[in-house]
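Straight from TrEMBL, the features:
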REGION    96-165  region 'Disordered'
DOMAIN    210-215  domain 'Serine/threonine specific protein phosphatases'
REGION    400-429  region 'Disordered'
MOD_RES   K542  N6-(pyridoxal phosphate)lysine
Amino acid sequence: MAPPVPKPGPAKLSKNAALPEWLEQAKLCRYLPESVMKQLCEIVKECLMEESNIQPVTTPVTICGDIHGQFYDILELFRIAGGMPGEENVQAPLTKTTAISSDDIEPPTEITDPKLKRKIRSGDSGIESASGEDDDEEESRGRPRTAGQSSRGGSTGGDSAIGGVNEVSGNGNQNFIFLGDFVDRGYFSLETFTLLMCLKAMYPDKITLVRGNHESRQITQVYGFYEECQQKYGNASVWKSCCQVFDFLVLAAIVDGEVLCVHGGLSPEIRTVDQIRVVARAQEIPHEGAFCDLVWSDPEDVDTWAVSPRGAGWLFGDKVATEFNHVNGLKLIARAHQLVNEGYKYHFSQKSVVTVWSAPNYCYRCGNVASIMNVGEDLNPKFSIFSAVPEDQRAVPAGRRGAATQVGLNTPAGKAEKPEDTTHTPSQRYLSTRGGSYGLSFEEVVLKGLASDGGLFIPETIPSLPSDWESNWQNLSFPELAHEILSLYISTSEIPSADLKDILDRSYATFRAPETTPLVTLNEKDNLYLLELFHGPTFAFKDVALQTLGNLFEYFLVRRNKGKTGKDRHHLSVVGATSGDTGSAAIYGLRGKKDVSVFILFPKGRVSPIQEAQMTTVLDANVHCLAVEGFFDDCQDTVKALFADPEINEKLNLGAVNSINWARILAQITYYFHSYFSLMKSPTYKADHKVRFVVPTGNFGDILAGYFAKRMGLPVEKLVVATNENDILDRFWKTGHYEKKPEHGVKAEGGLAEDGAKAHEDGVRETLSPAMDILVSSNFERLLWFLAYEYAAGANMNEEWTKQQAGQEVESWLKALKTKGGFGVNAEILSLAKRDFESERVSDEQTVATIKEFYSSPPAGSKEYVLDPHSAIGVAASLRSIQRTTPADTHHISLSTAHPAKFAGAVDLALKSEKGFTFDSVLPKEFVGLESKERKVLNVTKGSGWVGVRKIVVDEVEAELSAAL
């Protein structure tokens, strides 16, 4: 009978509880009170301070690889090892195990993957490169299998001398060495590290903890441990205490003087083990040098040394390892750091290095087995291979994804185990484009806005439409259609269907048009239509998403704050940058809402007068407008810097309203479907006709929603990107290069040093369409991930590997953009981009001409129409697309993103000489007298930087909270 499953939660300690009781609670997956945890960290730190950089350990010993917060699997590891130190009545393992000795292993074969060889030989930065900061799982090729092993290391009979199943490898009295990476990725990093610290404190001579690359402040802020501590304690205090313990972990262990144990590998700066002994270890892991190499390097098929695709450490070859072992009298180097599907892997012809991996079914979806390495007095390693514990013997935090399919020793090949998370489909779980976060809920990504690794959130998969979508959806109202679409991305366990319907009904009740986003005919002969998206409260397309986002924020906060008062209430500080329309739409969506402060940064003097008045005349106490000297990109960079600062995130709970927030993209998908159904009712449309959407594009969010609609199954032939003279996107589709290069003369050379390349500040050209005056399109990163994913899928590896490759490639591209001012993609990726998109660049002169044409000389049978400059760019691009297609069977829907009255300067420039035109004829009554109203605005000088904005935000929120008490 299986033992009771430990139930996670806060520890229940007696009044004078001491270390033994702490340990018993840790074994139950209970996290200790904050004060006790800090005390435990101090005890362990004192133990570690007495140990040398290379801790001597005697046999018998069990050597364990990466654990990564998989608490229930470390319990299984101890059961297989014969128990924890001091443990009596050890439970039998829950999984079948296989014992293998080193003599059972065939010599490794050489690498045959041509992509990998190219990567190593050339250091190329293509998709094969794994240049992310943390690529533990990039090594998934595994060791060569013997004839007697199944695909995941299980025994199938044959000539090899493999031990029996359920074999316990030790008696619990041996020593243990853990090779680092105790935290991150898994659900219970805090509880896992607490258990190991309790054991270290109780049995300091039995437990040796070696530092891994994840025992780092920088890495844990990206890959989960920091957020876990925040969630469980409500602050970062315990995380900071654990980081102090990290600083004193040993760098290596040596078994009987002949087996060196490190997390990563060797360093060109270290020839003898004595050189490791003198490395200064009480510090954060440096970015380079001997210390860095010990935790980051990897063995590989190279002659001596090669640059590591990880961006830290080195690749070291057979000659290096053989010479190091010879010089130091070693038999073997044991290390962890790389996922190997079969639990362990010997490297090189002499088996001089072995990788041990101890996290089965890594990240709950890799399907790998794990191992521990047992070394006796003869120093001949014996491995115990095990798989992840069954689903009914582990717990999963609420709202997190469950284990993915696992094929291991106890699961027949081809048989999938039932996922633990039955409440969320893959399209209702979210990951970061840079690979640092995964399995997040919709609520988490909406409230966080930006991922901790700097990436943007996307669904793990894009859902397919139900088979009857066209017949069942075509007559739905806009809110009803939105409900059907958003339900594919939001689990009812997070927002019940009735609640979601109420949120959407309230969001679109503020729109003036009965259809919410009506489709009008602009040129019937050429099948050109205009999708009017400006009928919301601020007369811009941003209302469609931001009315919804404001209500989502309110819904989540009301639920979190139920029954709470004063300082216990969850308060959200929403920060956004705007080139004009986002700011007013966000303010109108959030003004007066409880437990929310809104900070909108806009470039001073670079938004239209109406746009500025819409923002600054809102006097609600929770609304704060910041006029920044500079361009939109300066505002956007400041917002990103705030989100990257863990201290202010902890203090203020930052939330995003820019289109970096996934909810913005999601809400906009609806109007692509709604306009398609409107088009179906047109007398000129036939079932075999093609549809193209043309989108004025700045930050790439609006057209990205169209990409999701197309990938879901909406029959769209092409999406046409229409840019103004700030044409970084058009240049990408023309050349495959995404570059912030100075396109506008020598004045663009005045870029700011912190931008990483001289292509900013004056590199943005001021145009008649200011909402598109953007140098770098933030949402383009989301498309890049899908392009990289599709390209990587061509390698026919598993899903986890493919997603990792995509995240690593996006990370490398964005790093090049920041440091070099741009990057290029290969021809195959550019071809993938061109499959779904075309692009056009429209000048100011062409914008004015288009406004004038559709007012003064409308097509036959059409009335005069006043376009705003952004909509005119879309129409101009549509006219070019019409020339390349067959108008009779191709329909163009051009998105009209703003009411013309918001851009009086451009419209007046185009039409002031036209007979009968007066601007009053297009001015809504809501705008009359707006510019003369009282204003509330804070000015941010050029020298203030993001730190100055940070102080403003902190001061204003504190004042708000104090006033509310």
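Just so it is clear, glycine is given a Cβ too, placed from its N, Cα and C backbone atoms.
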Translate the DSSP assignment of the residue listed as 'N6-(pyridoxal phosphate)lysine' into the three-state scheme.
helix
Under an 8 Å Cβ to Cβ limit, what residues of the same chain, 6 or more beyond the ends of the domain 'Serine/threonine specific protein phosphatases' (210-215), are close to it?
55, 66, 68, 134, 177-184, 223, 225, 246, 249-253, 261-264, 281, 285, 295-296, 312, 336-337
Quick one: give me the count of other CB atoms within 10 A of the CB of K542 (N6-(pyridoxal phosphate)lysine).
33
Secondary structure content, the domain 'Serine/threonine specific protein phosphatases' (210-215) (per DSSP, counts of residues):
0 helix, 1 strand, 5 coil
